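A.B. asks: One structure, pasted below without further comment.
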């Protein structure tokens, strides 16, 4: 026998392989090696040649010794984390920051853009069972490699419309929004220059791109999580998943921050001159740059991912030593039999066994409620922040990203560390999730901390102070002879009377200066009289928000922190409460729950909340377009009711999971607790081995953890 760098010892006769820890692997159960994602490995040849033995890291059959240093769990974690970053950067970063700009550039309605966002999750929901069922019993790294290739292709397709359209030429200019004594009205609709309908056809190309994104990301959070769980011990899983999900939160945060920066760059880098500013409603930022970056990053990460074998050299030993915490439902022998799951006809039985597992069902429903809230807020957080506090899209996106980085990443790492540090079992993880949900519900009330409502003449205020009631039309005798175009873009101006107007024309202004100040305005009112010598300035009237925004950001940070923390315990619970053979499929079914009941309806529901809080809609030649002005207070209360309401649903199902859970170690209805030092017998490959456990005194932190989580950390678990 001859050893190699990664601890494998190969029998010269090719009969079996023994790793350095004493595990025996026969030629029949040796799996294929990685990298070549199209070819099938020759197992007999691999066994006979020590340089090409199974479970070696390499590329297209090239497995040099120096590459085997990457054939370990930490390196697998690094590559999967890079995949997470690329996926989050595009899906929850650049798409969320750029969706409003894409609407404006390609003349899409919010309904159409909402469908673009949801197409990603719709694709995942359709394919998740097939991918997890077939991929869970196949070469997981190959599935992940193809996923990265699809992700990169989807990002390239998403950026393609920018390169296949002409230069963006907004119709702007101060003269076009002045009072001209022309009563014809809505000239853009009459002369046919209201828009280019062909641009809206790119909607279908965006849908195709999202389908590619969905196919590409699907293996990551199902097969990737399972592969990571199989490669480390039970005690290490929490910390590894914390790192993994930490990067899944880092990607969106980086996307929000950098996406906000890109939106400050004019979309056409080749344009000779730009006659609009970033504060102008007609401004379109460089939304496409992020998708080019995402495509390049995905293709790069696919290279190291393709080198991993079916499983790491230490996986078999770890699998044998792991202690089952599966919920006892009476079907364990069926789902763990050797041939179960090898045929598609076993899928109905596999689904049935998951659905009669009450812990799994309740945790999945709780995860769905969490997903609905997170997906809804993630899609519209930059827009909500801009509405409630008067911030530009770039600034609001950057703020969301800056606060998302420490909150989301820190909470996922802390959640994983708590699981590892206190060796939390299923019940402990469920209790941790419940505590986090309660904290989020309390801090959800920070949504009511908003700036005062903007007062706009003709919308939620009258043109004159001596008029009673609220005027609900932009037309008034003071601007009746101006021929103002109601189909024009919203270009707010602030008068010297501290009243905001839709645009200079609706304020009755007949002249302007180059510094954005308009004069000779017939609609400005002071007290009970008008003064045409008063002026209006470009932009919204300043609103004194006081310390509302800082207070909100503090509450937002705390809510974000505890919003992400249940992710690791919930995933760990899903992996632990089912038999080992069902883990990949269980994650897939949970993903299906989360998509169909959570992330697919989430953006649609939150979009409806925004639409029903609208005060002023765009009139696009008789068709309703985007919303120009929102009722801030109405929006705040609706967001609170939906956010706290679905968090309450999450609390309910986490609590039911805790009530229903039963493990194989339960005695007298409780999970077995290891409180005294002794011996634990581990059945490994049919042999019973005794391990002495060393007695150690509980630290203060462990005592506190036991009091909070209601259980004593089990010792003696093999790391």
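Glycine is no exception: its Cβ is also placed from the backbone N, Cα and C atoms.
Just so you know, TrEMBL annotations never went through curation; they're auto-generated.
Quick paste of what TrEMBL says about this protein:
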REGION    1-31  region 'Disordered'
COMPBIAS  20-31  compositional bias 'Polar residues'
DOMAIN    74-662  domain 'Major facilitator superfamily (MFS) profile'
TRANSMEM  75-95  transmembrane segment
TRANSMEM  115-136  transmembrane segment
TRANSMEM  143-163  transmembrane segment
TRANSMEM  202-228  transmembrane segment
TRANSMEM  240-266  transmembrane segment
TRANSMEM  286-308  transmembrane segment
TRANSMEM  353-378  transmembrane segment
TRANSMEM  398-418  transmembrane segment
TRANSMEM  430-450  transmembrane segment
DOMAIN    472-525  domain 'Kazal-like'
TRANSMEM  547-566  transmembrane segment
TRANSMEM  639-661  transmembrane segment
REGION    668-700  region 'Disordered'
COMPBIAS  684-695  compositional bias 'Basic and acidic residues'
A.B. asks: Would you kindly check 75-95, 143-163, 353-378, 430-450, 639-661 and say which stretch has the most C-beta pairs under 8 angstroms to the transmembrane segment (240-266)?
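C.D. replies: The listed stretch sharing the most Cβ pairs with the transmembrane segment (240-266) is 75-95.
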A.B. asks: Three or more CB pairs closer than 8 Å, sequence separation of 6 or more: does that hold for the transmembrane segment (353-378) against the transmembrane segment (639-661)?
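C.D. replies: Counting Cβ pairs under 8 Å, at least 3, so yes.
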A.B. asks: At a threshold of under 8 Å on Cβ distances, which of 115-136, 202-228, 547-566, 639-661 pairs most often with the transmembrane segment (75-95)?
C.D. replies: 202-228
A.B. asks: Within the same chain, where does the transmembrane segment (547-566) have neighbours whose Cβ lies under 8 angstroms from its own Cβ atoms, ignoring anything closer than 6 residues to its ends? I mean 6 or more beyond.
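C.D. replies: Beyond its ends, the transmembrane segment (547-566) has Cβ neighbours at 245, 249, 370, 373-374, 388-389, 399, 403-404, 406-408, 410-412, 414-415, 432-433, 436-437, 439-440, 443-447, 449-451, 650, 654.
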A.B. asks: Six or more residues beyond either end and a Cβ under 8 Å away: which residues meet both conditions relative to the transmembrane segment (115-136)?
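C.D. replies: That would be 91, 95, 99, 102, 108, 143, 203, 206-207, 210-211, 213-215, 217-219, 222-223, 226, 341, 344, 347, 350, 375, 379, 583-585, 587-589, 591-592, 595-596, 599-600, 603-604.
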A.B. asks: Counting by DSSP secondary structure, give me helix, strand and coil numbers for the domain 'Kazal-like' (472-525).
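C.D. replies: Final tally across the stretch: 0 helix, 15 strand, 39 coil.
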A.B. asks: Cβ under 8 Å to the transmembrane segment (143-163), counting only same-chain residues 6 or more beyond its ends: which ones?
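C.D. replies: Contacts with the transmembrane segment (143-163): 37, 80, 83, 86-87, 90, 95, 106, 131, 135, 202, 205-206, 208-213, 215-220, 223-224, 227, 267, 287-288, 291-292, 294-299, 301-302, 305-306.
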